[in-house]
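All remarks here apply to the structure that follows.
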4 protein chains.
Amino acid sequence: MKNLTSEILTVINKRPVDSFKGNYGHIVTVGGTKQYGGAILMSTSAAVHAGAGLVTCATAPENLTALHAVVPEAMFVDFTDERTVNSVLAGADAIVIGPGLGTDQTSLSIIRSVFANVKPEQYLIIDGSAITLLAQEKELQDNLPDTHIIFTPHEMEWQRLSGIKIADQSEENNRQKQEKLGATVVLKKHHTEIYSPKQETTRLPIGGPYMSTGGMGDTLTGIIAAFMGQFASEDPKAALDAALYTHSAIADQLAKNAYVVLPTDIIDQLQRFMKENSK
Amino acid sequence: MKNLTSEILTVINKRPVDSFKGNYGHIVTVGGTKQYGGAILMSTSAAVHAGAGLVTCATAPENLTALHAVVPEAMFVDFTDERTVNSVLAGADAIVIGPGLGTDQTSLSIIRSVFANVKPEQYLIIDGSAITLLAQEKELQDNLPDTHIIFTPHEMEWQRLSGIKIADQSEENNRQKQEKLGATVVLKKHHTEIYSPKQETTRLPIGGPYMSTGGMGDTLTGIIAAFMGQFASEDPKAALDAALYTHSAIADQLAKNAYVVLPTDIIDQLQRFMKENSK
Amino acid sequence: MKNLTSEILTVINKRPVDSFKGNYGHIVTVGGTKQYGGAILMSTSAAVHAGAGLVTCATAPENLTALHAVVPEAMFVDFTDERTVNSVLAGADAIVIGPGLGTDQTSLSIIRSVFANVKPEQYLIIDGSAITLLAQEKELQDNLPDTHIIFTPHEMEWQRLSGIKIADQSEENNRQKQEKLGATVVLKKHHTEIYSPKQETTRLPIGGPYMSTGGMGDTLTGIIAAFMGQFASEDPKAALDAALYTHSAIADQLAKNAYVVLPTDIIDQLQRFMKENSK
Amino acid sequence: MKNLTSEILTVINKRPVDSFKGNYGHIVTVGGTKQYGGAILMSTSAAVHAGAGLVTCATAPENLTALHAVVPEAMFVDFTDERTVNSVLAGADAIVIGPGLGTDQTSLSIIRSVFANVKPEQYLIIDGSAITLLAQEKELQDNLPDTHIIFTPHEMEWQRLSGIKIADQSEENNRQKQEKLGATVVLKKHHTEIYSPKQETTRLPIGGPYMSTGGMGDTLTGIIAAFMGQFASEDPKAALDAALYTHSAIADQLAKNAYVVLPTDIIDQLQRFMKENSK
């Protein structure tokens, strides 16, 4: 297992002078019931601040106003409006599904619909409730769509999804299950581990307990999506690793002056951090 | 009566490296009618900024959007949806009831439901309208739930609850009533007094009249809840005292440059203050 | 006519150590249709930031969420709910009516209701649409309630209310009409003039064209209300003059670095400015 | 084609001392379906921050609350309420139509109504969806209203509107089509070009790829409208050029510390930038 260093941030390219927003990815974030609306707002806002060209948030209609107030740069779709969601998904470079999605029948039918519509060249980040739902619905888990899937479970979610108890989550066991899934797995924990198909496992040696607060993982999904939309064409594994490194490195910086680092604080630092570390 | 000093802030521990959000408490805040929605938003936001691992706000449905816009880190529950509220309460470490709750029949039935569901190991902070309702409903007051209760009345609310006129609120009289209630009483006033079962009364020698503004007490409840969720396991009395000290010490700092200190200003300083004073 | 100087700011007292929010006034702001909701939000927010102890905003129900999101410190009442509005008015020290109130039948009935309920010891600031309505409804104008009324018209509104054409708005003519109204008149213009019953006319020699932007007058009403609630007991005329001086002096400071000064920018500076100028 | 320099910013006048908000233009922004509400919020907020005297936003009713929360200085009209929209349009100095307007039947009928009501002395900025709709509806395009029209297409929108393929968008070809339209055309691209009737083509040599993010063009429309409302009386071409220069120059400044520049970041800098560059 290889420890990541700040070297990974070289994937944050200087943008070519003659380019337009279409070059920087269209991200679609799917999640946010009425109860958990904040989760998808943070994912969406993180994607916008991390440089995505266009971001659309597919969420419960109750979250429309909060979305426009918090991040007017993002567009809205009612996540129960299957037709419009599908037309938006068709143009996506990266899709996030799960933050605050819930685990009821509506959530399940939304996942099914996204799975049925995702295309091979897209990146699909599966987080939070979506992981829990997959763990419950073996049939869904056995029929993952043919695309670039990135799971972002924490240890308990990984136990649910993989069947591997937390105490048994060794590199070898994790790797076996990851290969069976045919997907990338970001195992979030103290020193997060990243298992990508046919690549050496990487580990994040940074981050800390000041990140243990609700919404931290939701925010990560937006950063990952934005990085895949902008930087994946050359080396997708490096783009993913850089997204994770960015998320924790900002938290480490903020923790010098903050007892707990809030997700929205990290979002506020993305533009500066990426500039300072762009090559 | 013992004056608190900044020594009390040593309860703000350095977090262990290998920990997750479940270690820092799940807080549930209950309150906020349509008319007084801001009160519960401030309590909730304070809990998030003071480091609580997870925060759920049970409030009137009209407050959903303002909650997600102001503090996307928090989760929402409709406070009239008894079933969902109860399932959320079951996982709570500390519960706040009262900020902006109102005093009508709905408010009363919400209190009854919370009282019926609270568990012995949980902390229950009772504030504002909830205190007024308890003062009116002797039967409720005589059947307080068997848990760690913290009342946070100002002098007039304490008069209503205890029957002790403001002029007669001596340490001895207050202590007698507190013992009868079997609960902790935080008597908010110029130099707030804290009466905890079987412990020496403590007094807050800091704070000032720049704190005399609507919402200041609501914000305090969120800080108390977050501190109980994080720091109470070793010494609950010290955790409570530290929450009160933090609230007023931040106000004192801000008052050097502000004629009046707003609750939302205090919330903005929690992360920095706690970092500077963590051991 | 006497030019005001920064001397007037001495009315911003140091607060007595042992005091509570009830000492600093309960302000009620009335206005804000769906179309003009921002106006009453700015008035309300200004009152909160200028130190009012409690602030309630009586406005169209559509503005509930924006109010709680922008200024959670304030309370809400539906301005068509006459019963609740009246109970809130009963406890007010100062009332603002007019910002964004509109001029339709609903607006008119709200004004009538406020006029019928206001008490002699209260301050009533009449602004914007409310002035226009009074100008139209002579019967209302001839039956002003018996209380401390402060009109805050700009020149065109004063023309409508007083019948004095802008070109003829001399001190003598204005004074005559002001005496007939039996109210204070703040005539907003380049170098605003303040006509109070039986007192020398004062003039504001500060302020500038960077203040010519929508919402500037709405914000002023909140500052006036907060100042009357806190500082009027000794010298109401001085409290009013100080409110006006504060509003423009902040704008002058901000204009050093801003082409146009927005109302919300002024609100953000109130706490600092009042601290620096408190005695 | 002439490159613009910072010399163009001399159109940002020092405001005359004795003036009022009516002197600085009433702007009406029209757009923002439920799905694309953020777009019109950014246009509106940009107009407010760029110094417009009064700004009204005609948008979908769902956007009311987000508008008041984000920019309380602006007024609201339901864009399907033709009668009220028309009464507001009658008092406008500059009108923006298009940001987030969508391309359905409602959008089309709103455009028709605006076109039918616009007056010769007004400025009409046509952007985004409105350009796409005009490209589809030849009949509308052939019957442009008799007023000062400013189109703000990016290259693909210009291809749709003009029929000129991106590769063929030479100065000569663009100029021909612009003359046929009888309108000003701002062709947004790396080094934006501005074609005004009977004037030398100007080019913006500043700006960069950090501006390639959703909402950047929406924000530009608000700045253009505010500049036309304030500075067009002497030299409308210079006012337009200065608006464009301001938008990109702020982005260039921010890009020194930000990997991507968000539209809302530009809005926050308008007051400072205009002050520093006012003569």
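Cβ atoms here come from the backbone N, Cα and C positions, even for glycine.
Among the features that TrEMBL reports, domain 'YjeF C-terminal' is placed at D:4-277. The (6S)-NADPHX binding site feature in TrEMBL is assigned to D:A39, D:G100, D:H154, D:D218. Here TrEMBL flags D:K188, D:K189, D:H190, D:H191, D:T192, D:G217 as AMP binding site.
Recorded residues D:H191 (AMP binding site) and D:D218 ((6S)-NADPHX binding site) have their alpha carbons 18 Å apart, per Cα-Cα distance.
Proximity to D:K188 (AMP binding site), defined by a C-alpha to C-alpha distance within 10 angstroms, is shown by none of the binding-site residues D:A39, D:G100, D:D218. The DSSP secondary structure for D:H191 (AMP binding site) is coil. Taking a C-beta cut-off of under 8 Å and a sequence gap of six or more, D:T192 (AMP binding site) has these contacts in its own chain: D:V186, D:R203, D:L204, D:G207, D:L244, D:S248. Note: the CA-CA distance between D:H154 ((6S)-NADPHX binding site) and D:H190 (AMP binding site) rounds to 10 Å. Mean pLDDT, taken over the domain 'YjeF C-terminal' (D:4-277), works out to 96 on the 0 to 100 scale. In the three-state DSSP classification, D:H154 ((6S)-NADPHX binding site) falls within a strand. Cβ neighbour count within 10 Å across all protein chains ranks D:G100 highest among the binding-site residues D:G100, D:G217. Comparing the Cα of D:H190 (AMP binding site) with the Cα of every entry in D:A39, D:G100, D:D218, these being the binding-site residues, the smallest distance points to D:D218. DSSP assigns D:G217 (AMP binding site) to a helical segment in the three-state reduction.
Geometry remark: D:G100 ((6S)-NADPHX binding site) versus D:G217 (AMP binding site), CA distance 11 Å. In the three-state DSSP scheme, D:G100 ((6S)-NADPHX binding site) is classed as coil. Distance noted between the C-alpha atoms of D:K189 (AMP binding site) and D:D218 ((6S)-NADPHX binding site) is 14 Å. Taking a C-beta cut-off of under 8 Å and a sequence gap of six or more, D:D218 ((6S)-NADPHX binding site) has these contacts in its own chain: D:G38, D:A39, D:I40, D:M42, D:S43, D:A46, D:P99, D:G100, D:D127, D:G128, D:P263. Scoring each of the binding-site residues (D:K188, D:H190, D:H191) by how many neighbouring Cβ atoms lie within 10 Å, the top position goes to D:K188. Proximity to chain A (Cβ-Cβ distance under 8 Å) holds for the following binding-site residues out of D:H154, D:H190, D:H191, D:T192, D:G217: D:H154, D:H190.
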